[in-house]
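Here the structure is laid out as structure tokens; the discussion comes afterwards.
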Amino acid sequence: MSSNIPKDPSEGSSRSVTGDESHHPAPLSRYESQKRRDWNTFGQYLKNQRPPVPLVQCNFSHVLEFLRYLDQFGKTKVHILGCVFFGQPDPPAPCTCPLRQAWGSLDALIGRLRAAYEENGGSPDKNPFGDGAIRLYLREVKECQAKARGIPYKKKKKRKNPIKASDQDHMQASKMQAT
């Protein structure tokens, strides 16, 4: 039985694939695509080290070096201490301060890499992306960027659940019946 599908994909196809013939997995979500891309980028970074670093030997210091390496591709202006715009959220003019990776982007990246590490066979207790040194680095980046841009990051306080009006009415009705 012969097939109309050419062996070379560049030749094109005169027949469409339908039903049982197509075994394409569902498209990845945006998060899954980013996670895969980030994982591949980190793997390539390790391979490009001299000497190359096998994933099993990767530790938090390699992750910190990777985050510092990514800074050169950042798009967030972070004013240095001597800049006249230091601490101003909306500076009125351009300056020569460096562009860096935004704290939120780094935080999300580490979350995706942490998950990808475990999905690719890494042990949760040896996950270099979950190391305390990484959390400390992210906290320092967050505070530094907040000061440089004049944007305070304050911890949100947990709100106590307010009593709903219907609950208050019920409580008052119960008190009246008790008297």
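For all residues, glycine too, the Cβ spot is worked out from N, Cα and C.
Look at TrEMBL and you will find 1-17 tagged as compositional bias 'Polar residues'.
Per TrEMBL, compositional bias 'Basic residues' is recorded for 152-162.
On the 0 to 100 pLDDT scale, the domain 'ALOG' (30-157) averages 91 in the predicted structure. Look at TrEMBL and you will find 30-157 tagged as domain 'ALOG'.
What TrEMBL lists as region 'Disordered' is 1-33 (among others).
Residues annotated as region 'Disordered' in TrEMBL: 149-179 (among others).
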With DSSP as the yardstick, break the domain 'ALOG' (30-157) down into helix, strand and coil residue counts.
77 helix, 4 strand, 47 coil
